[in-house]
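Q: Sharing the features that Swiss-Prot gives for it:
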type	residues	note
SIGNAL	1-22	signal peptide
CARBOHYD	57	N-linked glycosylation site
CARBOHYD	260	N-linked glycosylation site
CARBOHYD	374	N-linked glycosylation site
CARBOHYD	409	N-linked glycosylation site
CARBOHYD	416	N-linked glycosylation site
INTRAMEM	597-612	intramembrane segment
LIPID	615	S-palmitoyl cysteine
LIPID	841	S-palmitoyl cysteine
């Protein structure tokens, strides 16, 4: 009872102090209901009230605005009820606030039951509710108009369930009428960011390139962030953002990809009222007005400002009409059963709906259901060149594009602007000139790709500017973030128009950019440090034939000699028959042997034939001549083959390479090997399903220290410093070029691991794609591409032509090449002298014994038993230096 009395006294005093003599209050109390994520809107609400109260024009300010603010938790129905009742119990005349799908029904029910007007910038409701003034215009008509203008027949519709199903229903009805293919997905309840990514990837597999995103700004930013990460913002994609705050959305990263982005804007930044408000807004104290100074003005904050204008204008109208809006009765009890509505609430609602003012969001009018009407929405378009106003939409004219800036999916004309050509510093493709510091623009560079870009620009008739890629990478997509780096990233994100560089054509790159026909064919190759030239051995003259062949020749020599000896013994035609009628010989001369091919003469004959010198004896029998003939044929083939290989082995210094192929690399552990950290070579091994390459990739990704290098120059330097313990895998063209550069200590080994090509790249859907492709084909047919390669690879080589050693001159033989021959000669001479000495000693001893025996025989003079005479025999068939009984 006491509390009721105190409450009555309070309102009586408030009525006496707050009302003028005409019954209209001097102070209008309004309520404010804000959620946690409406910090800037709260600041805009208080600042708009402050602007009104500080207006010096008393005609415009016949009363003072006062506000009471409550914060509500929309997920808690008790919190929503308590917040509304708190406002109602304070005797507010109208409530400004926000709602979502969970709190909307509660708030609108209270407003309808208690006749309390609720002015909101939240999304428009589908139902026809009373006492709800909707500051935000509906987008349904504008969206349908643009879908028809762009002639979208297949697209994805991502919508937030909190915003209602009116747009979804309208789109589905239009899809049935126009035979559209619409894939609708609700994203309102998604909390996991990865789920957005999965949806986009699924749509991309369906070849979807057009998206209509109907969400609040925060959720749109989240979705677009995933679009950028997945690289789905390149040319060819089109995103329509069903939101009234196009300039509130973070589009910097998206615009660089080249995708076309269309959106709606309710705040006209060229409006003097907007400009004046922003000038004051940015000067506010951040501590008193959070998110005012250092944050851009949201369109919901502009709607909040306009809501205060509407409330103020409505009460001005009521004051002019002398409408009594005083609070009476049980106005402070919102939970009374039955509910007791405020009798003056209908007058206030009617006044609010009758308001027509110009605000920051344009013309503000309402229909009988409190919805915005007769409004204009600007249509914006974002491309690589930036955002621009493409047209406008209203209820009467529908979408009206600006005639001088017709909307198009094509890139802007390249004839009247300078094309940005991204490239990479890589010899011999692009290099700084020695005096580049004194030069400017494209004149600072030289190389194969510099000349190629000049030729292409000449054929396409464009002006261009060479731009070195900032991170020094060719282009790969990060497995985690899905962001492209290098030159591919420059094209994908719209920072360049063409890439003229040693950029390999691959499948993953072709998905996000376009390539011309290859201007150079190549493959992955192995670079190693050139091994030291092997010094020839003393017996290097034996190298033309394997040691197994030499052993076989020795055995063949011995075998032929033995066979010749045996054949000569068995054949009667090799024996000399004795003739007793012949004239008597000189007793002092030895007789001819009956067979010339004893074992030693057979060996001598075979050796003479093998050395192609011959001897003074030859076989007389047919069998012996057959043996000699096949031996001569054998020696002819062997000596000819030996002579043919001898020149190559003695004049060419061989280098023994420890690695000859990728298989050799994979099955050893002493020599490390790696690739460029970001490029097609690394991607080739990562994606390969061949066992050898899978094994190599497994080693490379787990090797410590890392075998991946940031640049090709780093990889080459590592090869040169590793003393043969590191192999670098790179494109064959680069490998061949470096092999021709000083200090000439690297070499390519083995064949190419794959076959691919370099191409000129352009963004997806670029208008330059076809002209550039035709230019490359024309340069190839004219032979200019071959001339450029010869110019930069071989004409400017520093190590001589690759085959110059065999074609231009023959290396002079050194002593080490033929030292073994001299050793054999010296050894043979020494052996001959030693044998001669032995023969001399043996003969001297034999002669001494013979002379002594002869002397003794002469002293005794025994009668000879037979007619015989002793002769020393030197001929084959007798004991050397022995005596034989020869008949006289």
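Yeah, the Cβs are placed from backbone N, Cα and C, and that goes for glycine too.
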Q: Just how many other Cβ atoms lie inside 10 Å of the Cβ on residue 260 (N-linked glycosylation site)?
A: 25
Q: Between the Cα atoms of residue 374 (N-linked glycosylation site) and residue 841 (S-palmitoyl cysteine), what distance do you get, rounded to the nearest Å?
A: 139
Q: Among the recorded sites 615, 841, which residue has the fewest other Cβ atoms within 10 Å of its own Cβ?
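A: So among 615, 841, the recorded sites given, the one with the fewest Cβ atoms within 10 Å is 841.
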Q: Taking DSSP as the reference, which of helix, strand or coil describes residue 374 (N-linked glycosylation site)?
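A: The three-state answer is coil.
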Q: I need the CA-to-CA distance for residue 615 (S-palmitoyl cysteine) versus residue 841 (S-palmitoyl cysteine), whole Å please.
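A: Distance between the two Cα atoms comes out at 27 Å.
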Q: Kindly assign residue 615 (S-palmitoyl cysteine) to one of the three DSSP-derived states: helix, strand or coil.
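A: The residue in question, residue 615 (S-palmitoyl cysteine), is coil (DSSP, three-state).
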Q: Within 10 Å of the Cβ of residue 374 (N-linked glycosylation site), how many other Cβ atoms can be counted across all chains shown?
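A: Excluding its own Cβ, residue 374 (N-linked glycosylation site) sees 15 Cβ atoms within 10 Å.
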Q: DSSP three-state call for residue 841 (S-palmitoyl cysteine): helix, strand or coil?
A: helix
Q: How many whole Å apart are the CA atoms of residue 841 (S-palmitoyl cysteine) and residue 260 (N-linked glycosylation site)?
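A: Distance (Cα to Cα, whole Å): 111 Å.
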